[in-house]
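*Asks:* My structure is below; once you've seen it, I'll send some questions.
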Amino acid sequence: MPIICKSQCGNRAALKRPKTGDALCKDCFFAAFEAEIHHTISSSNLFRRGEKVAVAASGGKDSTVLAHVLKLLNERHNYGLELVLLSIDEGITGYRDDSLETVKQNRDDYQMPLKILSYEELYGWTMDRIVAQIGRSNNCTFCGVFRRQALDRGAKLLGVDSIATGHNADDIAETVLMNVLRGDTARLRRCTSIRTGGGEDTIPRVKPLKYSYEKEIVMYAHYKKLVYFSTECVFAPNAYRGHARAFLKDLEKVRPSVIMDIIYSGEQLRFKDTVKKPERGTCTRCGFVSSQQPCKACVLLEGLNRGLPKLGIGKKSKGERMIAKQNQELALRERANLVKNDF
């Protein structure tokens, strides 16, 4: 006997929503999925009429669905937004070069302007070259730090009012777990925020897909026949996030609501006033947002340019010792050259 759509539209159910367990037809699933994102946007006041919004586009399922739904809701509910696509080319052969072709297809499909910025032009390095220097144990640190700042640089260049990222509910739950396991209270305080940044010198980032399950995003993209890139980054298998993701999926098998439970738990966390809070300011070197001086991106870049790729990995004191040792060696080498030239 066929299962009828729970919304009582009279159609046969085509799928079971992972988030609620409801049996729905495709059209009712689309309507529910889009309505939830609209509610997230409107209830959190993510945008204001007339704003220019950059959609962080990687070509993956999340950013593709985000671009599609934002365009749809912008027209349906008359948000009055100017939407543009912003992509970062990390310089990963066989991965990012292919995914950017998908982003260009999204540009044509959704008729949005596209800006692509590369690590090469911003930092003088590609991830391929960085991995050749650092290996595959800490490469995601470089990519994550550089990518976050690259988005800020691109947003400033485009003159946008905010950056919309494709972080979904699974991503946020994973981040909560990671920060709990690392004891990172600074990031734990803000990782569940639907809006971050937004001070005088920073462009805010918003997460319209914060309460959308990854499985539902995949289902939406599949049934809508959206074009997206699904290959995993060639350098990602060793990332710490992968372990948190595997743990979360195991928990989800036992308790499907665990994703939302973790997010709600993160939102309700409170810290004592005695807990040290990082003060967000601007880097004295590059001028972009940072909670340390110089910013992490500048420290990592200095290490690469000095031939000390592990300079920004680990404690700050360790990095200072590495610089002091290198400076001492350079001074001795320079002194030896002076003595040699005297003869």
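Just so it is clear, glycine is given a Cβ too, placed from its N, Cα and C backbone atoms.
Below, the features straight out of TrEMBL:
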DOMAIN    52-230  domain 'tRNA(Ile)-lysidine/2-thiocytidine synthase N-terminal'
BINDING   Ala56, Ala57, Ser58, Asp62, Ile88, Gly166, Asp171  ATP binding site
DOMAIN    281-311  domain 'Cytoplasmic tRNA 2-thiolation protein 1 C-terminal'
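So that I understand the layout, could you describe where these features sit and how close they are to other parts?
*Replies:* Long-range Cβ contacts of the domain 'Cytoplasmic tRNA 2-thiolation protein 1 C-terminal' (281-311) within its own chain (Cβ-Cβ under 8 Å, at least 6 residues beyond either end) map to 123-125, 130, 133-134, 138, 141-142, 145-146, 148-149, 152-153, 186, 197, 199, 201-202, 319, 322-323, 326.
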*Asks:* Hey, of the binding-site residues listed (Asp62, Asp171), which one tops the CB count within 10 A?
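*Replies:* Counting every other Cβ within 10 Å of each candidate, the maximum falls on Asp62.
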*Asks:* Restricting to the same chain and to sequence separations of six or more, state which residues have a Cβ under 8 Å from that of Ile88 (ATP binding site).
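*Replies:* Result: Ala56, Ser58, Ile116, Leu117, Ser118, Tyr119, Arg147, Ala150, Leu151, Gly154.
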